[in-house]
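As recorded in TrEMBL:
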BINDING   A:R211, A:236-237, A:250-254, A:267-274, A:N288  FAD binding site
DOMAIN    A:5-195  domain 'Electron transfer flavoprotein alpha/beta-subunit N-terminal'
Amino acid sequence: MSRKVLVLGEIRDGQLRNVSFEAIAAGKIVAEGGEVIGVLLGESVSALGAELIQYGADRVVVVENEKLKQYTSDGYAQALLAVIDQEKPEALVFGHTALGKDLSPKVAAKLSSGLISDATAVEIAGGNVVFTRPIYSGKAFEKKIVTDGLIFATVRPNNIAPLEKDESRTGEVSSLSVEIKDLRTIIKDVIRKATEGVDLSEAKVVVAGGRGVKSAEGFEPLKELAAVLGGAVGASRGACDAEYCDYSLQIGQTGKVVTPDLYIACGISGAIQHLAGMSNSKVIVAINKDPEANIFKVADYGIVGDLFEVVPMLTEEFKKLKVHS
Amino acid sequence: MNIFVLMKRTFDTEEKITISGGKINEDGAEFIINPYDEYAIEEAIRVRDAHGGEVTVITVGTEESEKQLRTALAMGADKAVLINIEDDIENGDQFTTAKILAEYLKDKDADLILGGNVAIDGGSGQVGPRVAELLNIPYVTTITKLEIDGTKVVVTRDVEGDSEVIETSLPLLVTAQQGLNEPRYPSLPGIMKAKKKPLNELELDDLDLDEDDVEAKTKTIEIYLPAKKEAGKVLSGELADQVKELVHLLHTEAKVV
């Protein structure tokens, strides 16, 4: 059964986020041969439409309005509902990002629809569109289907592979004019303090520190390692509770759940609550003084040693590798 | 100020998860207030102490949730409401829960509704915004700071590590992010007092709802545990050699760098 699918493209710093291409790939599966329509909302964003098409969208609908320059749930919901009203899709896919998490339940409530959040895989099985999603922060997984109405899901970054970019693909980019009114929340200021450019939830490499890092300064070598690898820095609850770093870096059952290609745990003992947030990473490296530390049980590679010795050596070694390759 | 907190009873974060009969095994597990809801309860109490009013903690659950409601009362909430769905609903989803909560709240003239930004079990983070939409009030998710002046509200919100400062107004629904506050432990006098505070129990009938009105839109067809990882390779030898070997392995064997 083919379906018409709308996929919300998310823009940050003037560029489409990777998760939007992953959402298109998910949308393609859900569509079962039907049309996949990208949606872009913003002030001046239509130029990005072509890229959504190169990543697999059949066409793109753009709503441009100065009131959409910054994300607000009221503004985006009005624009999106206008697109939904025009296109009458049978399915919706968003990225499970801060924006997607904030907007999708509002839209679902408005449409009286179900919503499957934070999907890590999607397949067609037994005539159903089946989404896989972690529960208990990844301690278990569930497979879920929509039983009534619109198929609506958000997909977790870094889990569904995007389609190969095809620069020869073309399609229509049309615009829809929507009056945006009555914004009840107004963004007064944005304070940038995130992990110097690389977002933790989308990072391919995460270097995380625990209590073993011992101080805020102790995070410096970890930051250097992350910079060499183009990754982000994270932390365990222990390190956050000890005020070595901001809670926004916390990885675990409370905090963020990450699934990078490479997770390097430095001075992290591996409490169950931390493992929930990172154990589904593709490759895990543990560096810890204590050979009995729980973290070694989930690690693919381990070094028993002092992180303050090991991490700088690793940074140097990766630098050499980057020069040679 | 009329303040409500949406609370969920969840597994303790340190619990291991096992499955029996296709379901998560709850036998012998410790249950707690969802940690993000604890921040919401704490913030509600602080807002009440600063601005006056009353804090009511609501949960949709079963009799077993009474324990967590009593804990919230012991922290300092004034009233608790249990919407007991045990006899009516076997498989609810976020549509179900939000509809029930909104139906309860619709004539309560809430000024401020707080909840956690996500529950650590289901992890969908949908219920707060859904309830706000059903009540037609604004919402702000993942907040780390809340300042109220009359009906004017300034909220700081965590957005993937960055902070947004947002102006809005009451009535409002907010969901709590870590860092909002440091939830208090119930004091002994608090625990004694909590025993006498009102805990009202309702069922769907009392809200004029039928099972059909709140029937789930989604269904779980399978629950499973992730594949157990094989034991990894702990390197040995001189530290410098271990580091070289590790980088080599990550490059050639794991192919992640």
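Each residue, glycine too, has its Cβ placed from N, Cα and C.
The structure displayed is predicted, hence computed values, not measured ones.
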Could you check the binding-site residues A:R211, A:H274 and say which one's CB has the fewest neighbouring CB atoms inside 10 Å?
A:R211
Considering the binding-site residues A:Q250, A:Q253, which residue's Cβ sits among the greatest number of other Cβ atoms within 10 Å?
A:Q253
Pick the one among the binding-site residues A:I268, A:A271 whose Cβ has the fewest other Cβ atoms within 10 Å in this structure.
A:A271
Against chain B, in sequence order - binding-site residues A:R211, A:I268, A:H274 with Cβ under 8 Å:
none
Over the domain 'Electron transfer flavoprotein alpha/beta-subunit N-terminal' (A:5-195), what is the model's mean pLDDT?
96
